[in-house]
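Here is what TrEMBL records for this protein:
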type: BINDING; residues: Lys97, Gln160, Gly192, Asp223, Lys366; note: UTP binding site
type: BINDING; residues: His193; note: substrate binding site
Amino acid sequence: GVTGGQSLFFEMFLFIGSIVSKKDFDGFKKLFHRFLQVKGPSVDWPKIHRPPEDSIQPYDKIAALPLPDSLADSLNKLVVVKLNGGLGTSMGCKGPKSLISVRNENTFLDLTVQQIEHLNKKYNTDVPLVLMNSFNTDEDTKKILQKYTHHRVKIHTFNQSRYPRINKESLLPVATDIGMMGENADVWYPPGHGDIYASFYNSGLLDQLITEGKEYIFVSNIDNLGATVDLNILHHLVSQPNGKRCEFIMEVTDKTRADVKGGTLIQYDNKLRLLEIAQVPKAHVDEFKSVTKFKIFNTNNLWISLGAIKRLQEQNAMDMEIIVNPKTLDGGQNVIQLETAVGAAIKSFDNALGINVPRSRFLPVKTVSDLLLVMSNLYSLEAGSLTMSQKREFPTTPHVKLGSSFTKVQEYQTRFESIPDMLELDHLTVSGDVTFGKQVSLKGTVIIIANHGDRIDIPAGTILENKIVSGNLRILDH
C-alpha cells in the first residue's frame, strides 16, 4: 500500500501540478522528493579534508602568465550572467535591488552594462549580458532594459523557477491558488541561485548561446561591485589543454572576521566541494567559523563551461545539497522553502578549480553601511568599475556600522548632506538620531552616539579624528 507520507505527497502534487508550469512542477517534485529522503547533516565531518595545494591557485600565479595579443577570441566565447532575483528589501527599497542607485545616480545594473560595453568597445567584441530574474524582479527589470537599447551590449533575460513554500509542520503547500497578488504573493518563492542550471537550460537560452559559439559564463551576484570580467582568469580558462579543460572556477578570497558565515571549499570524496554553514553539524559550527582551519570563502564569482552545464542537465547529474530555509510569514505561519546554491554544483564538474582572488573582487552591497563605503571617496569609478582610491594608504576597507536610523536608503539620504571624506577612516559607528553636514571628514576611529531623545548634528566642514561624540548637539537655521 501507499504510506501516509506518500499519499500526502500525491495529493500535494495533484494540487501544485494544477497551478504551476510543467517545468516548475517537475523541478519542485524532484527537490521535494530528495528533501524527504535526506536525514540529518549532509556531510560526514571526519571525511572533510583541506583541499590539495594545486586545487586552489593563488590569483598572482594566474595573473603572472602573459596575456595573448588578441583577447577578442577569448572574450567572444564569454557570456556575463548576473543573478538578479533579489529585491531591495534589506535596504528598505521596493522593487529589484539592481535598480538602487549606488554611485553618481548609477544603479547596479547601469554599472554592469557600462563595464561590459567598455569591454566590447575596447576589444571590438560581442560579450552579451544575461540576467537571471525571479518573478519578484522580472517585470520591473524588463521595463528598465529599454534604456539600454542603444548600448553596445546584447541583453537577454530568463526567469528562475517559482516554487511553493510549505508548512513547516504538515509539509503541505501554503498556496491556495495560483494568484500571485495580494495575500498569496508570499506563498511562492524563487528557489535560490542553484536553480540557474535548470532554468537557464529550460529557457532555451543556453542552447542558443552555445550555437552562437559561446563557451563559458561568468556568474556573479549583481550586488557584488567587485565582480568584473577578469581577463587573466578568462585567459587561464580558455588556454587549458583539451584533456584537462577546466569546467568550473570558483573565486574564493581570504576570510576576515566579518566573513565567518561564508561557504568554504573542502576536499570530500576526492572532489572539491562547497561547504555551507547550513550543512555543518551543530557540534562543529565554531570550527567551521574559525579562520585557521577554513581560511577562504566563496565570493560567488564563478566561471562555468556552458557545454558542461548542458551535459550535466541532460544526464540529470547536477548534484547540489538542499538548503532548508525557514521563514515566518506575516500572519505568523512557519514555513520552509527548499533552495540550492549555484556554487554547490562544483563537485559535479570536471577539473574544478578554486582561485584565491584579491579581496577587491568581493565588494557586496548588502546594507546601507556598505552603500556609504561605495559612494564615498574611498573608491573611484571608471568605465563602470569601482576601484579602491590610490589615495588610501592601506588596502583594507574601513568597518562601518550605521544604526537603525539609517537602515532605509531614503532615511540615509536625508541624514547625509554630502558623503563624508573617509580616506583615512578605520572604524565608524553611528547610533541614534544623527545627521551630517556638508564636507565632513572622518579619520581613524569615530563613534557617534545620540541617546534616545537626543539628536546630534555634525556641523558642515567638521573634521573628526579618533573621537567619540555623545550627548546632544542641535544646529538650527537662524
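Glycine is no exception: its Cβ is also placed from the backbone N, Cα and C atoms.
Curation does not apply to TrEMBL; its annotations are automatic.
Overlay of TrEMBL annotations on the structure.
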{"residue": "Lys97", "record": "UTP binding site", "Cβ contacts under 8 Å, 6 or more apart": "Gly86, Leu87, Gly88, Ser90, Met91, Phe108, Thr137, Ile222, Asp223"}
{"residue": "Gln160", "record": "UTP binding site", "Cβ contacts under 8 Å, 6 or more apart": "Gly85, Met132, Asn133, Ser134, Phe135, Pro190, Pro191, His193, Asp195, Ile196, Ser199"}
{"residue": "Gly192", "record": "UTP binding site", "Cβ contacts under 8 Å, 6 or more apart": "Ile323, Asn325, Glu339, Thr340, Ala341"}
{"residue": "Lys366", "record": "UTP binding site", "Cβ contacts under 8 Å, 6 or more apart": "Ser90, Asp223"}
* Asked: Including all protein chains displayed, how many Cβ atoms other than that of His193 (substrate binding site) lie within 10 Å of its Cβ?
  -> 24
